[in-house]
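Taken verbatim from TrEMBL:
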- 1-110: domain 'MAM' (DOMAIN)
- Cys117-Cys129: disulfide bond (DISULFID)
- Cys124-Cys142: disulfide bond (DISULFID)
- Cys136-Cys151: disulfide bond (DISULFID)
- 158-320: domain 'MAM' (DOMAIN)
- 329-348: compositional bias 'Pro residues' (COMPBIAS)
- 349-365: compositional bias 'Low complexity' (COMPBIAS)
- 364-519: domain 'MAM' (DOMAIN)
- 529-689: domain 'MAM' (DOMAIN)
- 691-852: domain 'MAM' (DOMAIN)
- 854-1022: domain 'MAM' (DOMAIN)
- 1037-1060: transmembrane segment (TRANSMEM)
Amino acid sequence: MAVESSRGDVDSFAALQSPTMKQASAVCLLEFYYHMYGTGVGELSVLLQEGSRTTPLWWRSEDQGDAWRRGKVLVGRTPHVFTLFFQATRTFSQLGDIAIDDILFLNCSLPEPQDSCPAGVFTCSNRVCVEQSRVCDYTDDCGDGTDEADCEKQGYAEHCSFEQGLCSWEESEVDTPGADWTFQTGESAWPQRGPPRDHTKNNGAGHYVIPGSHLTEKGQTSELLSSTLLPSSNCTVRFYYYSQDEETASLTLSLRTDQDGVDDTVLWTRDSSQDYSWHRAEVILFVPVNSKIVFQYKRGDNHIGLVAVDDVSFFKECVHDPNNSQLPVNPPSSVPPTNPATPTPSDPPTTETTPTSSVPPTTSPCTFESDQCLWSDTSEGVNRWQRQEAGNHTVPETDHTTGTGYYMAVNFSQSQIEARLQSPALPSLSPYCQILFHFQMRGKSVGSLSVLLQEAEGKEVALWSRTLTTAPQWRPEHLPLGQHLQPYKVVFRSWAGERLSDVSRAVALDDISFLNCDTSYQPPVLSAYACSFERDLCGWMRGAEEEQDWQVMSGPTDTPNTGPAGDHTTTTGYYLYIESSAPSTVGSVAQLKSQLLPPAGPQGYCLSFWYHMFGPTVGSLRMVLHTTQSRLGTLVWYRSHTQGDEWRLAQSHVTLHEVHLVVLEASVGGEAGDIAIDDITFTAGPCAPSDLCDFEESSCNWLQQADDDGDWVRGSGSTPNPNTGPDYDHTTNTATGHYFYLPSSGVDQAGQTARMASPLFPAGKGVCLQLWYHMSGKGMGTLNVYQWSEEGGQVMLLSHSGDQGALWRFAQATLQLDRDDYRIIVEGVKGSSDEGDMAFDDIQVTSSPCPPPGHCDFQINLCGWTNVAMAGVDEEDWLRGRGASPNPNTGPSVDHTTNSSLGYYLYVDSSVGQWGDRSMLFSEILQADSRGYCLTFWFHMYGPHIGTLNLYRNDRKQHASGGAADVLWTESGSQGDVWLEGSVYMDYTQPFWFVFMYWRGRAPGGDVALDDITIHPGHCYNTVPTDTPTPTTDNSLSVWLGVVLSLLVVAVIATVLFVLRQKRSTNLPEHLENVHVFDLSNGLEFGRESELSFFNTLYDPSSDTAEFRGVTSDA
């Protein structure tokens, strides 16, 4: 529903009226969404109408931004027929429409009668059950008013609604003169001095008290004092407060033992929430000597907001002085400390709402076997935490401590109001302090459980939250608390789910303890946190925010064609992994958390671990550092999709100078995507250097050249210019990793250059240069890489121009000058605008030869071919494998290159996924060439349920405009257990790329494979087979000898290829095992999520006649 400001006159209004409602419960809540955007937006308000009286409940004015925002207000107990109005008022301007949507009433029906109420619970006349602590508190919880009747006869003599005045409350002699509290009605005080309604009557005719208005300066106070209380050990005061005020002002409740108030003990502080509802507070106090309760309001930076107090009542245990005697001028010398004795098990449960200094702080463990250990329920609604004994008819049926003991549980009712369980005030603790608790969440509509940290000023910080049902076992969770300069509290908050009729739902807590909280605690040395998982988790902890868990495993995982065959340490030992098959669900996350670690020190430390990510539907693995002070998480390492069937090394140099913890987080990508980790180590100082330069620690002795026009910049995250440059580095795939980039500027001239030179390489070292580059932006220039010899020789190794797409791309080139010492020169040539930030990362010179351009036999890696790295574009990845398929009666048993089970090929696992699932494989970008290109490949399609394999040609302009890719070749169904050759000639006038896409068949048994892909300029020259003449004589011996000789030749060739493959695979990895969390031999996209897909732009050519350079191989 919307109101157009172009209609109506200035200050005219539009109203939307609700249906007539007979009455509402005390916890009736109105929730809605509103949109107020524009320079001339007027006011939106919610009004309650009972008979002829209209009471404002909620209001907003002026521009609230171009977004839908949630509004909520407690309607409260309304015993008569009423309606609600939304009213929108127009201003002088026409630039400001107002809209509302999704109006919802929550918990507005009256509570339901019960057959009987438990012992100690008040039974209303209408058979509704009400907690005893909510009797005679000026809220009609019963719905018939019987819980608020005859309160004096029940012993609640001291209570005041302020309808007839201040009752026994009195002015203070030590606050700001003339700033006395006064009682007002909503109709007289609103909107300048007080809220529009009181709590007692819930309308504008009711009374409340507000601070004095003569507070003109910051820090001035207004106080309201109770009558004198005599000593007692368990006095509880309840009241309601309304707060729409600035955060620099304060409202507190204190215990005063002398007239001057110097030694007041603050028992309660208003929280920072500011809304349109009355809030209930309940405070327990120990009264050691004659004392008074003091409400004190202290003015902040600006004028007084809408602050009020109403309906104050005391429990029966509070003892009031009938003479209301004055407090002494000075406190007596024999006054004992104002801390209460520790409650005994016979003490009744206590409740409070915010920090109470009269309760002694404690970090002792609590099993709830004898009492609540000073943990208290501070819920304001009907949902409450209660101590419960385990039994056959309870949920859960057992406690965590003994199986037959006690735990805390939420007594869910027909309400979505939150329930809160709050700790006592906790003192300043060790920076390594953690809280450990055990919990269960049961039922189809269990809602949520959250853990909050409530600071001294009332601000709450969310530490943890879970919304998923647990298995019927107690789950542990560890959360860091850290060190605090002032006392604080921990709050467990639970919200009910939407299905209020679900009687099986339950949220329960047990065995809460605090670990490493003593201020004298000293953590062990970092090496103590290393773990091979051979015996246990070595102090690492599984996170419980979701149901997915890291599991200990030895040998292969249960799901075929994914996961490792053994651990990394010994191949026969143990490792951790996440199970991706059912009942795991896509997107579920498993966390492994370290203990709180000390600051990293001046040199930092190197955190290393080994990971295995192999399968057609692998999710992601990330490493995050969390600090206890800022409570921020920093992503420092990330991988997604299949990474090959091998263990890989991940490393990160940690330099945090505060207490922190490490979180390894794996997510499920699909039913065949197991992820494993092993052998976590901590080493003092930076990670060991390698031949690869990733620029994480420094520039690796690469130097800026002085005879150019600018400099390359070592950066991280996004570059300063929009619409260009990377957002992440290539090494770690995070915003904290480093790379070098050449910034572009509107004042630069096209053609200006910046050059960086590598350290000097000795003659003969290395034969292949490899690097990753990023060139994205409409004003992109040219990236050139040269080999420069000490004798003055120079040769260009590779060159790229124009927009190459918003992703990191791989390039390699064969070194050509091998007689002299040499350097590598990376030159950036600036383009035409400030959208031309180019970057490079992960550069190295290897001793393994570069493969021929456009050729891949998959013996080492995927060369320049890549799987799609974007969710939703396809459903499965192509896998690199060898030998027979793990699925019966489908797939090849040998590769095409070596014709043996030792050779590698690419394949799609048909045992995973659904009919029609797609697996895409992309080539490198091919520049336009007047000769065209020939693509030759070998394919294998064998099985009862083979789908369709297509080869496409695509380019950026075509799929950016929504056009379909051109199908160049297609094959469907089983073609026999043989390798077959396919070839396609492509003559195209602009840069393009090839795409293989396999569509899965109806059922498992449809594996397809590719091998020996070659792309070269020019036409395809297929040799036409000739008929072999039939021999005229039968010479069986000659035939037999020919077959034997042929087999020997094949065996020799296979052996030579195998030795070459072994040589290549042993040469390359020995340089790559020390790589800082990156393996250049892998052709998969490890940079930011690739835009290389049919549905995302990849390449915007700067020229349709770009020259093809045969000496480069882009990934």
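The backbone N, Cα and C atoms fix where each Cβ goes, and this holds for glycine too.
Keep in mind that TrEMBL annotations are predicted by a computer and have not been checked by a curator.
On the structure: features taken from TrEMBL.
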| residue | record | DSSP class |
| --- | --- | --- |
| Cys117 | disulfide bond | coil |
| Cys124 | disulfide bond | coil |
| Cys129 | disulfide bond | strand |
| Cys136 | disulfide bond | coil |
| Cys142 | disulfide bond | coil |
| Cys151 | disulfide bond | coil |
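Candidates Cys117, Cys129, Cys136 (disulfide-bonded residues) were compared with Cys142 (disulfide bond); those inside 10 Å Cα-Cα are Cys129. Around the Cβ of Cys151 (disulfide bond), the number of neighbouring Cβ atoms within 10 Å comes to 17. If you measure from the Cα atom of Cys136 (disulfide bond) to that of Cys124 (disulfide bond), you get 12 Å. Within the domain 'MAM' (1-110), the DSSP-based counts of helix, strand and coil residues read 0 helix, 60 strand, 50 coil.
Once Cβ contacts within 10 Å are tallied over all protein chains shown, the disulfide-bonded residues Cys117, Cys124, Cys129, Cys136, Cys142 are led by Cys142. Here the candidates are the disulfide-bonded residues Cys117, Cys124, Cys129, and by Cα distance the one nearest Cys151 (disulfide bond) turns out to be Cys124. A distance of 9 Å separates the Cα atom of Cys117 (disulfide bond) from that of Cys124 (disulfide bond). Confidence in the domain 'MAM' (854-1022), given as mean pLDDT, stands at 86.
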